[in-house]
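Asks: Okay, here's the structure, questions in a sec.
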Amino acid sequence: MNILADALLPGLDSAFPPPFTVTLYHKADEIPELLHHKDVLLCRSTLKINGDLLKHHQIKVVATATSGTDHIDFPFLESQNISIIDAKGCNATSVADYVVACLAYLDKQQLIQGKTAGIIGLGQVGTKVYERLNAAEFQLCLYDPPKATRDTSFQSCSLEDLLECDFLCVHAELHSNAPYPSLNLINRDFLKELKPGCIIINASRGGIINEEALLHLGSAILYCTDVYNNEPHIDNRIVSRATLCTPHIAGHSLEAKFAAVAIVSRKLHQMLGLPYPQFATPEKPYRLNDDSNWRELALSIYNPIHETLELKHAGNLSSAFLTLRKNHHHRHDFTTYFDSDSIKKYPLLG
């Protein structure tokens, strides 16, 4: 079976041994020519999967090595009987680390007013964030009405409850499905009711927050974001407005990238009735001593202000966004730096 895969994905050789043959693409404009006689397209969330890309090809499977699937035109793929494989949950730990790093920076700058936190979206990422904040004894408001309809043991708070929070963590999937669409969920009416000094950390998708409404709100609300409308052609006004702004890398730890490929590989092998291969894993980093506080430990591993300043000072914002995202490849999950005793001491770290 012939696979065309994004060259930036790690561990492809071990994840797809014979009978698979892997060809790599480095840029999206290489795909139309390389896709001939391929059975599987293995991509990342940066590639739009639709009829324009695939209409002249006869592939059988689209596999995305990412949790999010809003870059995929599902109706088109279904109309062509093309199977879809995703890697949901692959980067949940990495995104939770990112949120903690943002909180570490904000707390160090004395910008966090209290310990009441709202989490929007309780999928695998939101649940990871919840577990850490709960272990660190934050007061939590959990907003996920669709989850409440599926899981009778879960009770969602209301949007009004979120207005009392000191900070909000956004982890919902982007969709427009009634009765609880996430598209433009955080709009002008919601934003203007937040208490002054409230912090929003968006590590989901740009379209959940109405960027125009945010821009017209003034500076009372602090905005920290990893995601934007129209990536990579992001709005320079949002970058200027944001306290922290990073190039969509929250889920880009080395462990998350390897896990994404492994999850896709397992699903494809299972689909074809093949035994699982041995998967490559990233080399473990050196251990850190826990003789500092949680803020310094988190920021010693990843400090979001560095990429924030790179974006804010960029001449060509789109180019800087893509370059920074591509070069973000040395971060490990926080838990790989500590033993279990250190994690018990500082539960926000893992």
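Positions of Cβ are set from backbone N, Cα and C atoms, glycine also.
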Asks: Which of these, G51, G114, G251, G273, does Swiss-Prot list as part of the NAD(+) site with Q124, V125, D144, A203, S204, R205, D226?
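Replies: Candidate listed by Swiss-Prot for the same site: G251.
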Asks: In whole Å, could you give the widest CA to CA gap in the NAD(+) site formed by Q124, V125, D144, A203, S204, R205, D226, G251?
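Replies: Max span of the NAD(+) binding residues, Cα based, is 21 Å.
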Asks: What Cα-Cα separation, expressed in whole Å, is found between S45 (substrate binding site) and R205 (active site)?
Replies: 11
Asks: Under 8 Å between C-beta atoms and at least six apart in sequence, can you list the same-chain neighbours of A203 (NAD(+) binding site), or say none if there are none?
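Replies: Sequence-distant Cβ neighbours: V95, Y98, V99, V125, C169, V170, H171, T225, D226, V227, A250, G251.
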Asks: Compile a sequence-ordered list of residues in the same chain as E231 (active site), six or more apart from it, whose Cβ lies below 8 A from its Cβ; state 'none' when nothing qualifies.
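Replies: Spatial neighbours, sequence-distant, of E231 (active site): T46, G206, H248, F321.
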Asks: Of D144, D226, the binding-site residues given in the record, which has the fewest other CB atoms within 10 A of its CB?
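Replies: Relative to the other binding-site residues in D144, D226, D144 has the fewest Cβ atoms within 10 Å.
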